[in-house]
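Data first, discussion second: the structure below is written as structure tokens.
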Amino acid sequence: MWAEGESEGLQTLGIVVVVCSSLKLLHYLGLIDLSDDKIEDELEMTMVCHRPEGLEQLEAQTNFTKRELQVLYRGFKNECPSGVVNEETFKQIYAQFFPHGDASTYAHYLFNAFDTTQTGSVKFEDFVTALSILLRGTVHEKLRWTFNLYDINKDGYINKEEMMDIVKAIYDMMGKYTYPVLKEDTPRQHVDVFFQKMDKNKDGIVTLDEFLESCQEDDNIVRSLQLFQNVM
Amino acid sequence: MAAGVAAWLPFARAAAIGWMPVANCPMPLAPADKNKRQDELIILNVSGRRFQTWRTTLERYPDTLLGSTEKEFFFNEDTKEYFFDRDPEVFRCVLNFYRTGKLHYPRYECISAYDDELAFYGILPEIIGDCCYEEYKDRKRENAERLMDDNDSENNQESMPSLSFRQTMWRAFENPHTSTLALVFYYVTGFFIAVSVITNVVETVPCGTVPGSKELPCGERYSVAFFCLDTACVMIFTVEYLLRLFAAPSRYRFIRSVMSIIDVVAIMPYYIGLVMTNNEDVSGAFVTLRVFRVFRIFKFSRHSQGLRILGYTLKSCASELGFLLFSLTMAIIIFATVMFYAEKGSSASKFTSIPASFWYTIVTMTTLGYGDMVPKTIAGKIFGSICSLSGVLVIALPVPVIVSNFSRIYHQNQRADKRRAQKKARLARIRVAKTGSSNAYLHSKRNGLLNEALELAGTPEEEHMGKTTSLIESQHHHLLHCLEKTTNHEFIDEQMFEQNCLESSMQNYPSTRSPSLSSHPGLTTTCCSRRSKKTTHLPNSNLPATRLRSMQELSTIHIQGSEQPSLTTSRSSLNLKADDGLRPNCKTSQITTAIISIPTPPALTPEGESRPPPASPGPNTNIPSIASNVVKVSAL
């Protein structure tokens, strides 16, 4: 059927067609990636707009006055026009206050403590509720909030690993240039001192009651908790 | 202070309660809010135009004129407003910056007038938002060129965090401009691709006759030479591919990418050819495999940005190309059928079948017109002319779409390159401004120490600070102070840190030197001669092993620069092995034995924090200013 000398050329054609179609097939199967890697889709951030409850309700629920809530809201809205803070923004904001070191780990724990409903975002109500406890609450409430902060997995107990993580995060915020120089086991020593003080029955974990009791016995802690009374 | 988040300071301070139970010592007292004002509206009168805003809005950026106490200079007691004798148009943008956090550049504004206003209000132009920044920069550059103002700002090389060998290799492959070795590699591979392609082409050129046989192509005449060339090229390509595979951060993704497939397809024919030379049956197909060697030309796309853009354009115009192909195919089939039946009657017609007519139709529609197949009947000629007219239309339609696509992508690419080049400079400058804020805390601490020292020295001055810190700053510093107390460590700056490190590692070295060098009470020296490589165990060393080793190999001396040069005492007392390293650096500085007065090293004092002895406030206060004169000399 084919003329003389056509067979080689047709063979070449056949091979080209086979190779191209197999490449295409592999691309469809996802085994190879023929598209250009340069183009990365920008993640579309869905703007979730959230309006907080009314001013009167918030005033009733928290220990702030209307004026203070207004000031707080203006600051909040300015930084997060959508009405919610996600963890990234939270970390960025917190990191600005500690330019020397790395505040991201501690900010992560803080965020989890603020985000009581574990939704991944902090609304203005959560924000204001937590601030109300921290700035205007009783010593008992503040200590309870702090216990919640330290209890990373929220199981009701603080064990040494959780405390190590928290203390390490605090030391991370100091950065490298400190005096005296930070040693490797400084956080561990700090945690040991803490546990000696707090763990009354020496069982390796600190429960809420042990924590409350030990903290209330220590005058330094009680006095320093009152320190930020007039932050607003 | 951090720009824009001053409003969140109450939250950060409240969250500090999380540290309280962990801290072992009492926290410092909070700064009192001396004049606690309710939030009020303030009126800013700019050349007659009145703007009103909340006081706290302005205080968001305390390091600008409007956010700091500097605006009190402009307060008009009679009208109870702040009067600024400046341009109200630009002030609108400035005030919007306080409100929204984004600074915009209005296009109608003259660039130098805008710069002047920003300088007056104490705002960095780098904060201009991304939407307006490009325009701002372009205008500024134009302006500079027009004024023949050549202020070339050299960007320092970004100090990359130390990358592993694999990462450096990958970076060298992706951006050949990062190091000379990468550039060399880039050019070498480019050269070999060119050689390989040219070899393939020249192979087929007829190369003169061997007497007694017909004309041979060069490839068969010098087959050994060509084979060697081919082998060399394939070796290089294989090595390159393996290196890239090794260095790739994600090997799986690398294998799947287009470039790696091209690489593989370019070198596979050679290996298949090696394997298959013995097999007679498939040697025919072996010949056709040589066609694939032309794929090596696609390897150039790594070297040429334009080629990549072209490839990307074609890919992105795939739908238009598909439409073109589909409509062409339809038209070809229609016209081929028509021509076949029209020419069926004519004798000795070349239109033997419909597929045979395809060739005529394609040649006619693309206006090639080879003339090897020509219709002879009248009906055939009529349909032939309709065919060529419609061909022009069908092909001309999708082409502008493809062209405009290419143009858009190409310009986008150019703009992206420009923006990337500007970005580095911007970020560098913003970073410099940011480090200023972290040093602010250290400065205020030093001022606090200075205060204490002065008080102890008996000078009854109060409020002897350089500038009164605003409430927000003092609160921020209080927060940092609380953190210091929680962790029992202090913030210091980089130089002091390194001095401390050197100090603490050297203070236990046995000194073989004359006692004239050794410390006179209260002050310590930090110079030492070259030590043996044997690592000595320092009981109080805080340093990791690497730092220790580096200091043993290289002994450094801190020389305090001062006005009068006098070298005589220095040389004899230092007793260094090699003076050459010292000579160029000693010309203008006096080497004294009392080199650095540092607060007594940590090992000697048991308490955690030690304050410099108040008896020597002089050297302490001079440290910030002399810090720039401290010269490190390595005595090798």
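Glycine residues also receive a Cβ, built from the backbone N, Cα and C atoms like all the rest.
The feature region 'Disordered', as given by TrEMBL for the ranges B:503-533, B:596-626, sits at B:596-626. Below 8 angstroms of C-beta separation, residues 328, 331-333, 335-337, 339-340, 343, 384, 387-388, 390-392, 394-395 of the same chain, each at least six residues beyond the ends of the transmembrane segment (B:354-370), sit close to that stretch.
Taken together, the residues in the domain 'BTB' (B:40-139) have a mean pLDDT of 87 on the 0 to 100 scale. Long-range Cβ contacts of the transmembrane segment (B:382-403) within its own chain (Cβ-Cβ under 8 Å, at least 6 residues beyond either end) map to 313-314, 317, 320-321, 323-324, 327-328, 331, 335, 338-339, 342, 360-361, 364-367, 369, 375. Using a Cβ-Cβ cut-off under 8 Å and counting only residues 6 or more beyond its ends in the same chain, the transmembrane segment (B:222-243) has close neighbours at 169, 173, 188-189, 192-193, 195-196, 199, 203, 207, 260, 263-264, 266-267, 270-271, 296, 299.
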